[in-house]
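Notes for the one structure printed next.
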């Protein structure tokens with residue numbers, strides 16, 4: 001395979017690095033320092049390339065080729081999946097900042113949730129670490145040259161400078177905007193160092209900062225999802241995981257709209273307070289609306305200036321209309337310090353209105369509120385359609401085989417009814433279809449293997465059949481090359497209980513190797529009366545060896561040999577079949593093994609040779625018994641004759657003479673019958689397999 005050395009790039013496997021990250025089953029989640037340390041360690045490992053790359057000087061080639069990652073390798077594919085899930089989690093963490101502003105119900109002012117500030121900032125920083133690692137990988141990931149995609153997988157570009165230029169001109173700006181720690185800066189750095197009311201700055205800045213990064217993060221997910229599905233074909237391994245993945249995206253949108261609904265509810269109450277404060281400027285200051293200000297009169301007018309009235313119940317146009325945010329204010333969810341209570345209530349509101357496409361939303365005349373309701377309606381329509389379509393696709397993939405089985409059974413029933421088959425044949429057909437479904441689950445193994453490369457198909461067949469073939473003594477003494485040739489030609493077959501694999505007198509078209517089940521091989525020696533021989537075949541046994549003798553004979557005719565035995569399945573049987581044409585192709589290789597050992601092995605384990613040998617021994621034993629009986633009868637006859645002669649000389653009584661005559665006649669008749677009876681016919685001697693080196 002020397003041609004593979006000049007036109008391929010060879011990368012070292014990154015599986016060991018994957019295990020170092022600790023994503024194994026029994027390992028705890030690694031810390032950020034551990035992840036970064038393992039990433040640096042993995043990037044320092046050398047990777048070997050083929051000789052087709054551009055020539056560089058000795059110093060540059062040793063430094064630049066060490067840190068390049070194969071874009072089609074298993075390490076990067078696994079990392080892209082991890083980063084995809086991390087990106088989705090990041091989209092779920094950013095809306096948590098919207099829950100930081102709260103309304104102090106006792107003092108009627110805006111305040112901040114300090115514990116939530118810290119928790120959201122820590123979670124956001126942890127997720128940003130994945131973005132940092134991803135950016136580092138992007139600067140060290142080779143790419144396929146677009147001009148080389150005419151044929152095959154294309155040529156990998158491993159030049160670090162070219163890789164950096166390509167990444168800087170594509171997604172680097174989006175990744176940079178996504179990784180900027182703007183929410184953390186606003187919460188932990190900007191707010192403590194300003195003179196304006198803290199809650200006012202937080203409320204105004206959070207929406208701007210979050211959406212500045214939220215849009216780039218959403219834009220980055222789609223090409224990442226496309227890359228994962230393009231390289232590995234799927235995101236999740238099972239259909240249920242795929243359905244859960246699509247459902248999680250729908251729930252993520254519900255979480256985002258619920259958090260926005262909460263923040264805008266706080267903003268609308270703040271707007272109502274501002275309008276009420278503008279009406280009495282002599283006693284009210286905007287700083288009174290925030291809990292870091294000082295005033296003793298704010299509770300007097302804020303309690304009655306902004307009543308929470310449903311939009312349908314408003315009769316006075318001067319009353320502030322909270323629209324779709326009335327529920328959040330009346331329920332007191334904006335005044336609660338319990339984060340989980342707020343989170344689940346707002347999440348339920350978002351999920352309910354997304355599912356209802358916003359049909360129950362009664363908005364006010366506020367333009368921002370109307371736009372928010374329209375976005376809920378459109379997003380719900382799009383997401384619900386995608387959710388139903390994708391979940392239907394994933395869930396149908398789990399039942400597609402069952403549906404195909406039902407259709408096949410229905411077609412079979414209609415066909416059997418149309419052809420008016422008898423009940424026994426119908427039962428056999430149903431039993432075979434049921435057994436085939438239980439064994440294969442509707443997977444067409446032959447079609448699946450046929451579409452695989454030859455070497456991979458050979459290895460799979462070796463995995464299936466090699467151990468079984470080695471249990472057959474005939475194949476145990478063969479070399480690996482011959483076993484590979486036999487394995488490649490084997491095809492799986494199924495037999496139901498009481499079905500016939502081979503019938504006596506029919507042409508033998510295949511040789512069977514039993515993998516599971518029990519069969520009976522019987523012969524009547526061509527239907528001769530009184531002859532019956534049966535043996536039982538168990539796993540690792542074989543039958544149809546007439547075909548092997550026929551295939552090994554260079555002078556054999558084109559007609560298949562006639563079977564001398566009937567093979568019937570006593571239980572459900574799984575076996576591998578070697579067809580006559582395939583066996584003929586392999587037979588030329590068998591003739592190289594012209595050893596006596598192979599010939600004796602074939603004779604010893606062949607059912608036909610065993611039957612013939614047993615019959616031959618029985619016939620020899622019968623001949624021995626007949627000869628022994630003939631000798632004894634001859635001796636008895638001679639003894640009787642001597643007795644007759646002796647009695648005649650002694651003039652014995654007539655009665656004794658008559659008895660002696662009768663005994664003599666009986667011995668003579670028995671001997672005559674013994675000589676006239678023929679031995680039972682022997683089964684025909686099986687043909688000798690030709691293991692010579694003659695060419696056919």
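Each Cβ is built from the backbone N, Cα and C atoms, and glycine gets one as well.
Listed features, source Swiss-Prot:
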type     : residues : note
TOPO_DOM : 1-81     : topological domain 'Cytoplasmic'
REGION   : 45-65    : region 'Disordered'
TRANSMEM : 82-102   : transmembrane segment
TOPO_DOM : 103-116  : topological domain 'Extracellular'
TRANSMEM : 117-137  : transmembrane segment
TOPO_DOM : 138-170  : topological domain 'Cytoplasmic'
TRANSMEM : 171-191  : transmembrane segment
TOPO_DOM : 192-204  : topological domain 'Extracellular'
TRANSMEM : 205-225  : transmembrane segment
TOPO_DOM : 226-243  : topological domain 'Cytoplasmic'
TRANSMEM : 244-264  : transmembrane segment
TOPO_DOM : 265-367  : topological domain 'Extracellular'
TRANSMEM : 368-388  : transmembrane segment
TOPO_DOM : 389-696  : topological domain 'Cytoplasmic'
BINDING  : 474-598  : nucleoside 3',5'-cyclic phosphate binding site
DOMAIN   : 610-639  : domain 'IQ'
REGION   : 677-696  : region 'Disordered'
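Sequence-remote contacts of a segment are chain residues at least 6 beyond its ends whose Cβ falls under 8 Å from one of its Cβ atoms, and for the transmembrane segment (171-191) they are 90, 94, 97, 100, 112, 117, 120-121, 124-125, 128, 131-132, 134-135, 138, 198, 201-202, 205-206, 209-210, 212-213, 216-217, 219-220, 223. A simple Cβ count within 10 Å picks out one of the binding-site residues 490, 586 as the most packed, and that one is 490. Residue 570 (nucleoside 3',5'-cyclic phosphate binding site) is surrounded by 14 other CB atoms, counting those within 10 A of its CB over all protein chains shown. DSSP labels the residues of the topological domain 'Extracellular' (103-116) in these numbers: 3 helix, 6 strand, 5 coil. For residue 538 (nucleoside 3',5'-cyclic phosphate binding site), the same-chain residues 6+ apart in sequence whose C-beta sits under 8 angstroms from its C-beta are 514, 518. Neighbour density for residue 522 (nucleoside 3',5'-cyclic phosphate binding site): within 10 A of its CB lie 16 other CB atoms from the protein chains shown. DSSP classifies residue 586 (nucleoside 3',5'-cyclic phosphate binding site) as helix under the three-state reduction.
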